[in-house]
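Engineer: As annotated in TrEMBL:
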type	residues	note
ACT_SITE	Cys2	active site, for GATase activity
DOMAIN	2-185	domain 'Glutamine amidotransferase type-2'
BINDING	Asp98	L-glutamine binding site
BINDING	Leu231, Val267, Ser341, Gly342	ATP binding site
SITE	Glu343	site 'Important for beta-aspartyl-AMP intermediate formation'
Amino acid sequence: MCGILAVLGCSDDSQAKRVRVLELSRRLKHRGPDWSGLYQCGDFYLSHQRLAIIDPASGDQPLFNEDQAIVVTVNGEIYNHEELRKRLPNHKFRTGSDCDVIAHLYEEYGENFVDMLDGMFSFVLLDTRDNSFIVARDAIGITPLYIGWGLDGSVWISSELKGLNDDCEHFECFPPGHLYSSKSGGLRRWYNPPWFCEAIPSTPYDPLVLRRAFEKAVIKRLMTDVPFGVLLSGGLDSSLVAAVTARHLAGTKAARQWGTQLHSFCVGLENSPDLKAAREVADYLGTVHHEFYFTVQDGIDAIEDVIYHIETYDVTTIRASTPMFLMARKIKALGVKMVISGEGSDEIFGGYLYFHKAPNKEELHRETCRKIKALHQYDCLRANKATSAWGLEARVPFLDKDFINVAMAIDPEWKMIKPGQGHIEKWVLRKAFDDEEHPYLPKHILYRQKEQFSDGVGYSWIDGLKAHAAQHVTDKMMQNAEHIFPHNTPTTKEAYYYRMIFERFFPQNSARLSVPGGASVACSTAKAVEWDAAWSNNLDPSGRAALGVHLSDYDQQAALANAGVVPPKIIDTLPRMLEVSASGVAIHR
């Protein structure tokens, strides 16, 4: 991932303004530590912090067309750039960067080319011939992007809040799948897939069609000129990503450059569910596996850094971001710059445990649509910013546009959870990869119950966070919460604790409005809370809040306590952030 910052039409072309733009751009340097670039045309500034993944030698930005009249600063990856180059035979490309096609596509097609891009991206394009500009963000919002407005009439664009929050009068999240045009002065949605209107689809389930669509999504993400690996929690989604990658890596350009031995990475508290399952999957697939242990105290010590980088006070996002943040630092230290991850599957297939209570296929489908549309505020934000904090790029094949179209066209009756028929959550995905002759995964992994990442790294992680927050937030503070934080008022001490930290870093009203709120149980939307009356008294984003569904839910823990079974102590004494990996094995270079 890279970091982009643009200041457009600020009525100030002074050296002091240029220095200020450079200063703000440096706040994004963690996203792109490999090179920095700034282009100025009068009072228009386009800056870039580069993480070099494709064509590291010559792909520095901003990028230009042949006569340098069109200037682009981009964060992302365009997986079909070679195909697009073939459609532009009369154009001369200056670099081998995948993003080099954007300026040339604009020359050929004007503002209507964005849907031709297959990838994850955020970009600002300036046409210096008339000083018009466009801004666009990828379909789902895998890459983060914010837009702001200055009192001087300027428009600001930044990959992260910290690039513009101090200099804009108002700012907000740039919506996924949208384009901003200075000519029209407004936003319009360029991404209009069939599922977006939430009409109920009726395509029969075909497991082979679904399998092939996902394999294509993974294969196209093997485009890299740097060392890479896979994040492997041992759950269904990351295990399938690893299995497909391992199966198709041989013969790719990446394999010729870096070898056919796939590296996998996992993080957790010692003896956590994820570590055990991931180790088994890694052994089965033959990956070079790296385990990173952290303690509850390690995580607590990192919370302030996490909130600064993730830029949210959402409880479930912070819980899950912290282990990922710690792991990303270790991965980058090994020389790896890109990882493939499993985000998005639960939203598409109804994989969260609360989907057990979906009353019918219509409600299930509408909830999956709502979840996908909100991904940019939750899992996409976490996966991108937790890794980009250390200059590591995360790619997410489940959020491939073509794959989403295939998966969301399936009659949602097939996605309904029916224990009596053996249909657990995400059954359609599991069945698609249940190959008896050439198995992708061991059966018990393929049919392992869903664990949210913040639970799977070790149940005492969440319990430890709650205990820590309780030591720093008093009952009296909670009584005044609605007056101190009238917007998205925190209802738990943990939420209050995160909110205090967030407001210290980002005190502007626009910042607090950029974070979503509302009731949730086990990561549900507020609408889905209505599915079960008991949930309204148990609002917690942990999967264990899905009472009667999760094998270690809170009710079962309470029953153990009532029976005199003493839970383990929260604060452990493990050595801090240990790494365990295959001895003597290095990343291929």
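The first residue you see is number 1, and the count goes up from there.
Glycine is treated like the rest: Cβ placed from N, Cα and C.
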Engineer: Across the listed ATP-binding residues, Leu231, Val267, Ser341, Gly342, what is the farthest Cα to Cα distance, given in whole Å?
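Structural biologist: Value for the max Cα separation, rounded to a whole number: 15 Å.
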Engineer: List, in sequence order, the same-chain residues at least six positions removed whose CB sits under 8 Å from that of the residue listed as 'active site, for GATase activity'?
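Structural biologist: Correct list: Arg31, Gly32, His48, Gln49, Arg50, Leu51, Gln61, Val74, Asn75, Gly76, Ser159.
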Engineer: Looking only at C-alpha atoms, tell me how far Ser341 (ATP binding site) is from the residue listed as 'L-glutamine binding site', rounded to the nearest Å.
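Structural biologist: That separation, Cα to Cα, works out to 21 Å.
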Engineer: For the domain 'Glutamine amidotransferase type-2' (2-185), what's the mean pLDDT in this predicted model?
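Structural biologist: Across the residues of the domain 'Glutamine amidotransferase type-2' (2-185) the model's pLDDT averages 96 on the 0 to 100 scale.
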Engineer: Let me know the most crowded of the binding-site residues, choosing from Leu231, Val267 and counting other Cβ atoms within 10 Å.
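Structural biologist: Buried the deepest by this measure is Val267.
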Engineer: Between C-alpha atoms, which of these binding-site residues comes nearest to Glu343 (site 'Important for beta-aspartyl-AMP intermediate formation'): Asp98, Leu231, Val267?
Structural biologist: Leu231
Engineer: Whole-number Å distance between the CA of Gly342 (ATP binding site) and the CA of Asp98 (L-glutamine binding site)?
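Structural biologist: Between the alpha carbons of Gly342 (ATP binding site) and Asp98 (L-glutamine binding site) there are 23 Å.
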Engineer: For a quick check of packing: other C-beta atoms within 10 Å of the C-beta of Ser341 (ATP binding site), how many?
Structural biologist: 25
Engineer: When you measure from the Cβ of Asp98 (L-glutamine binding site), which residues in the chain that are at least 6 apart have a Cβ under 8 Å away?
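Structural biologist: Listed in sequence order: Ile54, Asp55, Glu77, Ile78, Tyr79, His81, Gly119, Met223.
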Engineer: I'd like the number of other C-beta atoms within 10 A of the C-beta of Glu343 (site 'Important for beta-aspartyl-AMP intermediate formation'), please.
Structural biologist: 26
